[in-house]
Protein chains: 2
Amino acid sequence: MQKLEPITDFVEITPSAEIAATAHGWRAKCLQRLLRLDMPVPRTVALPATTIQAIAAGRSLDCKGVLECFGENPLVSVRPSPQNPEWGGPSTVLNIGMNAARHAVLVKTHGQAAADALYLRFVQGYAVHVARLDPDMFEIAEPSAQALRDALRAYRDEMDEPFPEDPARQLAEVLRSMSRAWAGTSARLLRQSKGAPEEAALGLVVQEMAQGLGQGISGSGVIQFIDPVTGLEQVTGRFLGQAQSSDIAEKREDALYLTRDPRGPSLEELAPELFASLARQGAACRAKLREEMQLEFTINDSHLAVIDAVRVPRSSRAGLRIAVDLANDGIITREEALLRVEPRALSELLHPQVDPRGTRDVIGRGIAASPGAATGRIVFTSAAAQASASRGEPCILVRRETAPEDIRGMHSAVGVLTERGGMTSHAAVIGRGLGLPCVVGASDLSLDVKALVLLSKSGRKLVEGDLITIDGTTGQVLAGEVEMLPPALDDAFRMLLSWADDVRDIGIRANADTPADAQTARNFEAQGIGLCRTEHMFFEEARLVAMREMIFADTPDDRATALARLLPMQRDDFVQLFEIMQGLPVCIRLFDPPLHEFLPHSRDGLRELAEALDRPLSEVTRRAEALTEFNPMLGMRGVRLGIVLPEIYDMQAQAIFEAVVEVARRGGSIVPEIMIPLVSASREVELVKTRIDAVAAKVRTATRAEFDFKLGVMVETPRAALRAGEIAQHAAFLSFGTNDLTQMTYGLSRDDAGRFMNTYVQQGVYPEDPFHILDVDGVGELLLIGAERGRQTRANLTLSICGEHGGNPESIAFCRKAGFDYVSCSSYRVPLARLAAAHLALLDKDRKKTT
Amino acid sequence: MQKLEPITDFVEITPSAEIAATAHGWRAKCLQRLLRLDMPVPRTVALPATTIQAIAAGRSLDCKGVLECFGENPLVSVRPSPQNPEWGGPSTVLNIGMNAARHAVLVKTHGQAAADALYLRFVQGYAVHVARLDPDMFEIAEPSAQALRDALRAYRDEMDEPFPEDPARQLAEVLRSMSRAWAGTSARLLRQSKGAPEEAALGLVVQEMAQGLGQGISGSGVIQFIDPVTGLEQVTGRFLGQAQSSDIAEKREDALYLTRDPRGPSLEELAPELFASLARQGAACRAKLREEMQLEFTINDSHLAVIDAVRVPRSSRAGLRIAVDLANDGIITREEALLRVEPRALSELLHPQVDPRGTRDVIGRGIAASPGAATGRIVFTSAAAQASASRGEPCILVRRETAPEDIRGMHSAVGVLTERGGMTSHAAVIGRGLGLPCVVGASDLSLDVKALVLLSKSGRKLVEGDLITIDGTTGQVLAGEVEMLPPALDDAFRMLLSWADDVRDIGIRANADTPADAQTARNFEAQGIGLCRTEHMFFEEARLVAMREMIFADTPDDRATALARLLPMQRDDFVQLFEIMQGLPVCIRLFDPPLHEFLPHSRDGLRELAEALDRPLSEVTRRAEALTEFNPMLGMRGVRLGIVLPEIYDMQAQAIFEAVVEVARRGGSIVPEIMIPLVSASREVELVKTRIDAVAAKVRTATRAEFDFKLGVMVETPRAALRAGEIAQHAAFLSFGTNDLTQMTYGLSRDDAGRFMNTYVQQGVYPEDPFHILDVDGVGELLLIGAERGRQTRANLTLSICGEHGGNPESIAFCRKAGFDYVSCSSYRVPLARLAAAHLALLDKDRKKTT
């Protein structure tokens, strides 16, 4: 084989050199930008990715030529420069060029100890990272002349040759090692997990060492100008005297504060000019690189050198604040600020968070079902939760799983933990709706319902009254109390979302069932209520009794009597809701659940009910049994109840209309939207519409008031989607209930799917949990069919989705593309949805610009 | 108003007259046909429908002109002649023209008594049917001269005028009365219930009276040449001497037998020539009118007159026999014979029927869920049913509703009666599969489970051991034993179906789970098994234990051990099945139901299970509870079990393949089709296919035998239909399980739908119960989408349906049109399906001919 010439494809970084992030990597490009800002960056040579690939393939570089760029006998460092800083890369190697001769010089200039330590450090690093020798052999506690000799001997013994003296050889070996590490499997998998493509390439930068070991003020430091947790302006970082950059991470007693600090001396006091210069560099970076940067610097004999700059790592809340501040300072556009904030990151900001800097005593793990963290005393029943709340003691409701009768307990708790269930279990859905931190399916923990003990896998026993913290953002269950960060609904948050509203082109409403929910929706600036479930209104004690009387009524008259007692309460619900939502649309779903949900399940409960209704227990039991269903999801509920027991919908419609009139009398205005659930045939809509129109006419006559309303359909069955053309004849709007629609399209109960969903997602049977991410292929096609056929019948048909999927960026993208008018999601997802919708509009604009 | 001329639009019926059934009605046309056969039909005039409509509107007819057709002083009858004999019409009026003068003549010719009786009869009929007087006033026990005078006086008193003497006036009044009766509401509703269109019109025929009152052999009779119950050749009918046709229905001691009979004198003996002539007329009718006709005749002075002929009313079995015999005699084509038999009529013939001629002591009513009747002693448990069967005593299993564990009890019973459930309840589905008469949802009867008493609405108590009969054809529950007709799987039945097979163009397979089912399928000449559900195989006691061990296994190894015990039993199942079905395809659905169906539900059952498994009761209870599901229909079943616990499908596949090899060794041949249930994503099919291919390879290696098989998918979820294109990449066939697909498309559990389905169908919310008649609009569209996308991927994809709908003519029509290869239905529906498919092919051929 012909010997190939050494590669000479490298370039010194100067303001005018041809440096590209794609060819030379982000670090090379960043250093060039710093140079263009006139920063004191040490001389640097960039090796492009093509060169590194060639080296990995066995070619050699003209290392002498590289070193010649740095003058005589230089010491240099090599750092990775991949195309994207997130992709990692091999560790930096410092002090290449160190050898016996250079050591002798250093002894003279910096003294024996410093020279020994520096040489030893290089030998260690080279032996381990380049020659790949056993790290244990080079682990030495204290640098000394003897330790240096031992290390050099150990190297020779292992390698059968002395430690390389030739700087060009040293550099060549370092480059070869780094290029191969990049090509290795573990590095490849690691960077691919961070989103790097298969062909991701590595550039390297070779930089003259800025020692920080000289006379006067010398040392290395790192500085940033914001608090990485809050994003507020604040200088943070550290400075170590007589140290190289690799030392900064060390915890040393003699580190200096950067700014004046009562606790000790600071760089700002000791070298005010240098500090001011650093601050100027930081400001320049921010203005020109349009980002908050962290600078790595050395001071050598009172001369500042900026050796590297990276984007400040930051929390979600800091990221938002930085983006807004940059936009407000005119450094980036509002659009760019919007795109810099990941919608999903917003969820974290709406709730208290466990402080990432604190320690965690994890006793179990579950599914992070509703974000935010909460600390409270364990209670095992809803009654205990209410008692605890009335004592003013925060509590965590711990249940095997929750049911509708736990609603009041959930309202009373600061967090919910369940042993069973998934992302769409009752606890999870209600928890997200209430903005209540929630961990579900914590199968690590086992709940002994009889003994009232929560047992951890490791055998720790927790009883009622014990303090725990649940972290609904990570799914962790922690013992005791932990440090928390408060929620961040600050000015920056509100400002960013107002910008989002300026650009987005699809409506965002909230699912809100109660006045409290509605207030939250308003706080988060939802454009109305897209789904108000009315059944929760009937679980309050006084109402439950009337509901049960209604259920046990023998004649339509008796039923009407029981419902008449519910009417004023139901009307008050709507008056409150409408007052809060004034001027915005409110879409009310008529009664949906099967009646048996309102009956007690225990023998004792049935006995109490029999007493309350003054009927024999045997009859109550028999009738309760007769109401049970094999598959309640597919049973007698929704519009089926509305057809068979039409008095219920009559009462609800009357309550809605009377509330509208009442609110109008008080000067408010509302156009209610009435939504019929579980429709599977257009005739159902026709029948309900006829009765509701009649109720409206009756209320108009009785109150002598005029009002408008809209009647629409919740599309939850595949058949309703297929027959949307026919249904739209009687409906002003269609709102797709993607929870139930997903259940029916898959033939999959979300309450029962937990048992195998993990296996399914792990084996790739389903790419995602379809209750979590909208199934575009199946359910999505039904949405498109329904939308198209509906609009064909009625061009101005309002289209929306109101399932749990509503707040997901993927669902919003789908609905936006399909021409839907709005999405509706739980109140606490509204901010995320507003931002996600803005992203989509901006990306679309970009796409249109480029094509 | 200008007086209009009397209508003269009437025509005497002669062989060459222009008579059309559409204009003059079927009777006029039929009489013309008889005339063309040279039959002695009395002179007859046809009044077309237009004339009758004009009369109803107030116009008058030239009645004199009509009467002139019959010579001087005729007596005539008027009979209805609607376009279709099924549509009914006003009662016949005889002896029009009777008056004092005519009476005097008759006294001379026939004697005083006969003349009085005849005149009295006319006055009575006229007063009641034409003048609409109170029938009570004209109710006279014995005709006499006094009675006649009384009647004439009563008429005059009521009408303020004497009884009309003018024959033309009499006729005019009769026609006016008949025309108005036809236009009346009750007549209109009655004929519309029989399928008559809104515009159905009435013609009338006026016929010269043939008195049957003369000298010598005189009288009236009715004769037909087949037994109307069996359809076999046999002269039946009666003859009354000295009687008019209206007398024939009377029960008179002096009626003659028609043919020689040891019990008394017969027409055949008394007037052999007349009898022979009648027989010739009958044969001529059959040959030329191409139908078995009933002749009404009179004999006057030994002269025969045929005054009317109608199609013999007949039972379903007679109808089939007649059609086959006519075809075999070359009178009609086989195609016509096929079209003359209504497919639904066949179901009756497959089972014993309650003899319609017997008396019925009805104690309750339910839904006729599985046709046929059965008598047996009441048992209330499956165990009692088995005990009864082992004693050789037929029993009826009476349950609130049945569950899978009742299967053996159902096998042991001769019929099943349930208090709850609908057409698609467990009892109904299994009943139809087993061909077991079944009445469900008998809410008339209440079952006291504890006291073991069945209580009828009228308060009758039935206990275990009491004899009852259930009629699964009508839904009646009868006390005691009743007369039965045996099933009619005779030569005619088989012949007709073989003709059906010659013309039909879609395959018919049977759903068969057991060797007994398979034998039935073979008997009914199904073209294979389209759905063999394997889960029933696991309910036998020995297997149930192994199943439960499998369910409670802690490791895949333990699971495999339990399954290994099931393997030989499962293999034997298939060996038996394959031997019976030799040469035909057998499509086996892999295990489908949720595992909890195999666990006991009672505390006692769980305790026994704990003992059997040697595990603590608390653990068994806890694990059984953990397996319960909120919506089992949408839970962990079907392919989901196959993915999560793949050992089950592995075992089943091994059993199938080993059975194929075994049957091949014995000289048989079978290509099994393996069907995966409840698929919702193509990856499920891919994963199962990989494992089944591996099992096949293993069995091929172990047995050193070659065999083929097909793998396909049961399309039961809407998503599987939507993604059929992708799924077909891995599937050789798609079979639509329309039961589950309907449940999911509607979001409607068939087990829970009973509560409101009646209301829904009554109010027209659903035009039909979609579990009974395939919902073409919704579920049907998914079938079409699935079929089209599947075939796009794989042009030779086999398509079929295998739900309960499979045997319905409507479903067969749908599938045929959609290009499906076959339908599969319960064995007892196979004959119906074969005939229905033939009808469709023939009707299509007709349609193509006419276009």
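Yeah, the Cβs are placed from backbone N, Cα and C, and that goes for glycine too.
Given the structure is predicted, the values throughout are model-derived calculations rather than measurements.
Residues A:Arg589, A:Glu716, A:Gly737, A:Thr738, A:Asn739, A:Asp740 are recorded by TrEMBL as substrate binders, and the candidate that the same record lists for that site, out of A:Arg533, A:Arg665, A:Arg791, A:Arg794, is A:Arg533. The separation of A:Cys802 (active site, proton donor) from A:Asp740 (substrate binding site), Cα to Cα, is 11 Å. The separation of A:Gly737 (substrate binding site) from A:Cys802 (active site, proton donor), Cα to Cα, is 5 Å. Geometry remark: A:Glu716 (substrate binding site) versus A:His426 (active site, tele-phosphohistidine intermediate), CA distance 18 Å.
Other than A:Arg533, A:Arg589, A:Glu716, A:Gly737, A:Thr738, A:Asn739, A:Asp740, the residues of this chain whose Cβ falls within 8 Å of the Cβ centroid of the substrate site are, in sequence order, A:Leu531, A:Pro677, A:Met714, A:Leu741, A:Cys802, A:Gly803.
With an 8 Å limit on C-beta distances, the recorded positions from A:Arg589, A:Glu716, A:Gly737, A:Thr738, A:Asp740, A:Cys802 that reach chain B are A:Glu716, A:Asp740. Candidate binding-site residues: A:Glu716, A:Asp740. Fewest other C-beta atoms within 10 angstroms, A:Asp740. Residues A:Arg533, A:Arg589, A:Glu716, A:Gly737, A:Thr738, A:Asn739, A:Asp740 are recorded as binding substrate; their most distant pair of Cα atoms lies 15 Å apart. Rounded to a whole number, the distance between the Cα atoms of A:His426 (active site, tele-phosphohistidine intermediate) and A:Arg589 (substrate binding site) is 18 Å.
Every protein chain shown contributes to the tally, and the Cβ of A:Gly737 (substrate binding site) ends up with 27 other Cβ atoms within 10 Å. Helix, strand and coil counts under DSSP for the domain 'PEP-utilising enzyme mobile' (A:393-475) come to 18 helix, 26 strand, 39 coil.
Across all of the domain 'PEP-utilising enzyme C-terminal' (A:493-840), the predicted model scores a mean pLDDT of 93.
Between the CA atoms of A:Arg533 (substrate binding site) and A:His426 (active site, tele-phosphohistidine intermediate) there is a gap of 14 Å, rounded to the nearest whole number.
The recorded positions A:His426, A:Arg533, A:Arg589 differ in how many other CB atoms lie within 10 Å of their CB, and the one with the most is A:Arg589. Each of the binding-site residues A:Thr738, A:Asn739 was scored by other CB atoms within 10 A of its CB, and the lowest score goes to A:Asn739. Look at A:Gly737 (substrate binding site): DSSP puts it in coil.
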